[in-house]
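Student: Under the heading active site, proton acceptor, Swiss-Prot lists H184, D404.
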Amino acid sequence: MVAENNKNKDVTLSASMDNNNNNIKGTNIHLEVHQKEPALVKPESETRKGLYFLSNLDQNIAVIVRTIYCFKSEERGNEEAVQVIKKALSQVLVHYYPLAGRLTISPEGKLTVDCTEEGVVFVEAEANCKMDEIGDITKPDPETLGKLVYDVVDAKNILEIPPVTAQVTKFKCGGFVLGLCMNHCMFDGIGAMEFVNSWGQVARGLPLTTPPFSDRTILNARNPPKIENLHQEFEEIEDKSNINSLYTKEPTLYRSFCFDPEKIKKLKLQATENSESLLGNSCTSFEALSAFVWRARTKSLKMLSDQKTKLLFAVDGRAKFEPQLPKGYFGNGIVLTNSICEAGELIEKPLSFAVGLVREAIKMVTDGYMRSAIDYFEVTRARPSLSSTLLITTWSRLGFHTTDFGWGEPILSGPVALPEKEVTLFLSHGEQRRSINVLLGLPATAMDVFQEQFLQI
């Protein structure tokens with residue numbers, strides 16, 4: 001069922017972009033996107049009402065994530081794209097009914113979802129150019145790519161932003177882009193991937209490969225809560241190096257660095273040198289990349305030697321919980337782990353030292369650690385601090401590239417922007433997706449230093 005929202009008028013958004021596409025290098029395209037009036041797409045049939053519980057792992061990460069998926073088929077134009085995707089959304093919302101609700105605050109003062117069946121905000125749009133004229137979407141570009149995602153511009157806080165908004169933008173070449181704006185409290189990367197892939201399966205008339213498991217109370221805090229770990233992920237670190245002022249004084253540049261299989265091999269070799277514990281042992285691509293980016297970013301920001309620096313990254317806890325989370329668990333099944341050391345030690349010691357810190361942070365994540373993190377939030381209501389921190393999030397193992405609404409898999413997909421300046425994203429890339437793109441934002445002078453270190457690998 002689709003209900004029209006008459007509060008909004010048609011809108012035209014525009015942005016100039018320097019196009020780095022190899023076919024039209026050097027051209028300057030002025031992208032205009034005409035958005036039609038938003039509609040509300042409701043579940044096709046009646047769904048459960050009332051308040052829907054969000055776990056403490058969901059509470060910790062209520063940030064907006066914007067992504068785009070570019071589709072183009074030689075056999076099928078974009079004439080039916082809006083109709084097919086909108087209808088399939090209405091059908092898949094029967095399974096993912098909380099997405100049609102609205103965020104609110106529970107009597108306990110926590111985020112929860114009021115399952116009102118109000119619907120997902122859906123926008124049809126048209127662009128004034130061909131899809132390959134968008135340029136390089138392998139790096140975040142909120143000014144340009146943001147035109148392909150619908151934002152609730154007058155929202156004062158996340159409670160006024162629907163859990164999901166969708167925009168389908170048709171291009172003159174017959175291709176189209178699906179832009180999604182989703183609140184991370186509704187699902188992590190795996191949950192989001194399963195939702196979008198299920199949406200595509202419904203569009204093609206197929207049954208869901210992985211029906212969602214919706215009961216998040218299985219991750220309820222213990223009664224009484226038991227905090228059994230230090231949980232330095234919540235620690236506020238003093239900014240002795242005035243890093244925040246550097247971001248204020250200089251423009252932030254967003255760049256994508258491609259680590260192909262050969263570069264990853266070299267990095268992993270460097271990562272096991274000068275270490276008795278790692279000598280002769282291989283390390284994973286994630287361990288080597290995370291260690292390199294942490295050291296290189298710390299050096300690029302010219303942190304003082306005695307400045308503490310924190311590495312945060314998410315570990316999928318689905319198989320680590322006891323018992324394991326059910327297949328299709330719809331909420332956040334990730335937990336943040338961490339490592340803290342002084343910048344001087346991190347930079348002066350070999351890469352293998354940082355790899356060891358990453359490895360120890362991974363080993364920390366057990367059922368007990370994750371339950372303790374859930375209980376920590378229950379007692380303190382604290383959220384992880386990003387002060388003097390690098391937060392790495394990994395999409396390289398997620399199957400967003402397999403999404404198919406009937407036009408084949410996306411030719412490109414990726415984030416519109418990084419949610420915070422401290423966030424770095426790992427994305428799979430290239431032939432057989434064996435390369436990894438590292439996306440990050442740094443002040444201009446720091447980005448130059450980071451690039452020099454990348455070229456030295």
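Any Cβ shown, glycine's included, is placed from N, Cα and C.
Please situate the listed features within the shown structure.
Tutor: DSSP gives H184 (active site, proton acceptor) a coil state; it is part of no helix or strand. On its own chain, H184 (active site, proton acceptor) has I61, A62, V63, I64, V65, N332, P419 as residues at least 6 apart in sequence with a Cβ closer than 8 Å to its own Cβ.
In sequence order, G200, R204 make up the list of same-chain residues 6 or more apart from D404 (active site, proton acceptor) whose Cβ falls under 8 Å from its Cβ.
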